Structures are given as C-alpha cells and as structure tokens.
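Per TrEMBL, the features are:
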ACT_SITE  TYR244  active site, proton acceptor
BINDING   ARG90, ASN144  substrate binding site
BINDING   CYS165, HIS195  Mn(2+) binding site
DOMAIN    190-421  domain 'Glycosyl hydrolase family 4 C-terminal'
SITE      GLU106  site 'Increases basicity of active site Tyr'
Amino acid sequence: MRLTILGGGGFRVPLVYGALLGDSAEGRVTQVVLHDLDAGRLSAVARVLAEQAAGVPDAPEVTVTTDLDEALRGADFVFSAIRVGGLEGRAADERVALDQGVLGQETVGAGGIAYGLRTVPVAVDIARRVARLAPDAWVINFTNPAGLVTEAMSRHLGDRVIGICDSPVGLGRRIAKVLGANPREAWIDYVGLNHLGWVRGLRVAGRDELPRLLADPELLGSFEEGKLFGPEWLQSLGAVPNEYLHYYYFNREAVRAYQEAEKTRGAFLRDQQARFYDEMKRPDAAALTAWDRTRAEREATYMSENRETAGAGERDADDLSGGYEKVALALMRAIARDERTTLILNVRNRGTLSVLDTEAVIEVPCLVDANGAHPVAVDPLPGHATGLVCAVKAVEREVLSAAESGSRTTAVKAFALHPLVDSVNVARSLVDGYTSVHPGLAYLK
Ligand code: G6P
Ligand code: MN
C-alpha cells in the first residue's frame, strides 16, 4: 500500500513514519512518497526517516519528489499536511491581527481567516489533481484550518476527504482520566466545528459520567481545560469546551497576553525549526538526534506555565505527540482493513446538525470502515453553541467564496463577520495588512 505525504518536508513527518514503523499487520503501508515544494526540507526529513528505519525489518520504502502529480499517481492514501507560507506565514498571520488589537492565532479569528484564504486555493488545486490522478485514493487532511480546508476539498472529492485533529480525542482522554475511566471504553459525546466543539457527555457502560465531573470543583480544577476555563464557567456551560474556545470566552485576556509576549507561537516555532533545517545542511549532522532534540524542545513548551508565549498549554506527558499521527493511522487502518472503529473526524454534516446544511463540514464522532467515515447521530447543540457554530460556518463560507472569486470585498466580509473581529474598519485594515505581507494573497483583487 502506498501512502503519499504532501508537506513531506514538514517537521512532524517523522512522527507519522515512526507510527508506520510500529505497524507490522497485513495491509500495512509499504511505500511512502514524500512530496514538498522545498527540496532541502525534503532531504532533511528523508535523512531522519532513514535513521529511524535503520535496523527495522521491512521498513516502508521512502521516496521523495517535488513533482506533485508524480507524488499522487498510484497513491492509496494521501496525507495532506501542508503549511502554505510556512511558519513565517503563521507568524505574520498572528502579528498583523495583534497589531490591529484582535486575536492573532494559527486557526482562530483573523489569523485563521488569513491562513484559510492562503490555503484554500492550494488545497483545491490538490483536490482537483487527486480527483484526476488518483480517483480511488482517500485523502486525510491534516492541513489547518482543518474544517474549512476539508470542506474546500470535499467540493471536489466528496466523502473521499476526511479531516483530522488531535484535540477532541485529547480532550476526551483527559476527561476520562480524571473520571477514572478507561478512555478506550468511553463514548465521547463531542460535536461542533474543528477547534470549536464541546464535550457534552462521556458515557461508560451506558452511564453518563460527565455530570459527576461537573459537580466536583476539585476534579474540574485538576485537568488542562478545567484550569483553563475555571470550574464555574464549565458548570455554567454544562459541557467542557475544546481548549480553542478559550479564545472566544476569554478573548480580551488572550489578545492582551499575546500582545505582551516576546514572540508569537509561530515566530517561536519558525526560529526553532529553522535551526533544525540549518543543521541538516551539514552532511555529517546526526539527523535523528537533531530532530529529536528539536522535538523535545517543542514539546517542553506544551508543559510551560506560559501558554501565551509557549502555545498550546499545559499537557500531561503521555498526551504529548500522541496526536495527529495516531488519529491518522487509526483512520487509515479502519478504511484499509475494514476494521470498524469510532473516531472524531471532520466530515460533511449530512443531517447531523440540523442547523447546518448537508455539505457543511463538521467535527463529530464517526463510524469508520472500508466505506469511509459516517457521522453518528448526536443530540442538537445548545443555543449558545449553535450561535457560535453558525456564525463561524458563515465566515468559513465567505472565505471559500473569496478564494473562489478572488474578491477582496468578500474577504473583508469574511473578517468583518467573525465574532472576534469587532469592526468592519478593522476587517478592512486586516485585509490591507495581510495582502501586503502575504504573496499568497495577491489573488485578492
Ligand atoms: C494542536 C491542534 C493543531 C495545531 C497545533 C498547534 O495539535 O490540534 O491543529 O496545529 O495544536 O501546535 P503548535 O505546536 O504548532 O503550536
Ligand atoms: Mn487541530
């Protein structure tokens, strides 16, 4: 079986390859094709993979290419894990927004819109090529903003593209753990959009254990989201939000802290990873050691007290790097081997959330088998969550429309309608600011 990884020169690719090396079952991936626009990054990552594979019998064979069509031909699975504009682009997404006094973050608010506007045209081009060159391939979309990008691709690939994120499963696991439940035996009632969802229940053997957590301020204060939102607010909501909801519920504090930080998360990662890729330019560098050191440094920032400068917040050691690659592999296995499983994924709504149309991509528990991912029936969202989900989906639709038409006016509308952008004038300044720093937005006229 052949797996193509787009964004194959990316820093997290060795995590995926490491997971593949651990798979010896029948139907496993035997060939990995790495595609990237940047040949230097490709060869750096290929060197890490070669060292990972040393001594592993039947390690998947790795080839690299900068030719997209060549990479796609013959693929059974395509992992799309690109970052349009690189980490430099992410840093600019953050900076321009913060300079306007609004949230500058990778996937949420103005930063996420700018990232979406840059990424959608590229993702659509990939989707069209997959439809032409590898029509039977399954595309697993890692590319952020994952819900929006998956929806853009689904217009060309239908249900053959499935978006993934590690945050819902991580949240479910943390809640199960504080409740003393086995995460594998728990059913997580989670729904929303990517980075905009809520856990409304956690059932073990048919019993909802979440009320026990919500009734106990001490338990609530003992895990990441409990500390982040505070027990009282979780009790008011009667649910546990995805950590990204912090940017909505505590927006003012988040913006201020980000503005005061010495570096944004994107700038921090840009500098840190540049050191790794630079080191790889030396032919004698020990690739795996250098990669591992950089990874450990990055992961240490998750444990930092300072969420604002360091990023994604405080996590348990065993939550670290157990993310995307595990979800992606579990999904790929379920499809390739028809092993039925349940995963929280980004797929088309069909009729799952009645407030959204059937084509809207949502994040929801899905039954997965050889026929793909099928969203399960869930209870409707409460009013406050419906309000946010509909508002953000409306913004995503403006982003998709601006990316298709190239209309600057539509791009302004996307920013202006976002709940975290507080003036149409700010939206205009954001479009001016972003188009002046991002070559990838030159198409907006
Ligand atoms: C989580 C989210 C991803 C996001 C990442 C950012 O894993 O689910 O969508 O890209 O955090 O982490 P970073 O280390 O890049 O700030
Ligand atoms: Mn994510």
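Backbone N, Cα and C define each Cβ position, glycine as well.
Overlay of TrEMBL feature records on the structure.
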residue : record                                       : DSSP (3 states)
ARG90   : substrate binding site                       : helix
GLU106  : site 'Increases basicity of active site Tyr' : coil
ASN144  : substrate binding site                       : coil
CYS165  : Mn(2+) binding site                          : coil
HIS195  : Mn(2+) binding site                          : coil
TYR244  : active site, proton acceptor                 : helix
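Less than 6 Å separates the Cβ from ligand 1 in the case of ASN144, CYS165, drawn from the recorded positions ASN144, CYS165, TYR244 in sequence order. Annotation for HIS195 (Mn(2+) binding site): spatial neighbours THR107, VAL108, PRO145, ALA146, GLY147, CYS165, SER167, ASN242, TYR244, criterion Cβ-Cβ under 8 Å with sequence separation of six or more. Long-range Cβ neighbours of ARG90 (substrate binding site) (same chain, at least 6 residues apart, Cβ-Cβ under 8 Å): ARG83, GLU106, GLY111, TYR115, ARG265, GLY266, LEU269, ARG270. Within the set of recorded positions ARG90, GLU106, CYS165, CYS165 have a CB atom less than 6 Å from some atom of ligand 2. Long-range Cβ contacts of ASN144 (substrate binding site) within its own chain (separation 6+, distance under 8 Å): ARG83, GLU106, THR107, GLY112, TYR115, THR119.
Sorted by the number of other CB atoms within 10 A, the recorded positions GLU106, CYS165, TYR244 start with TYR244, the lowest.
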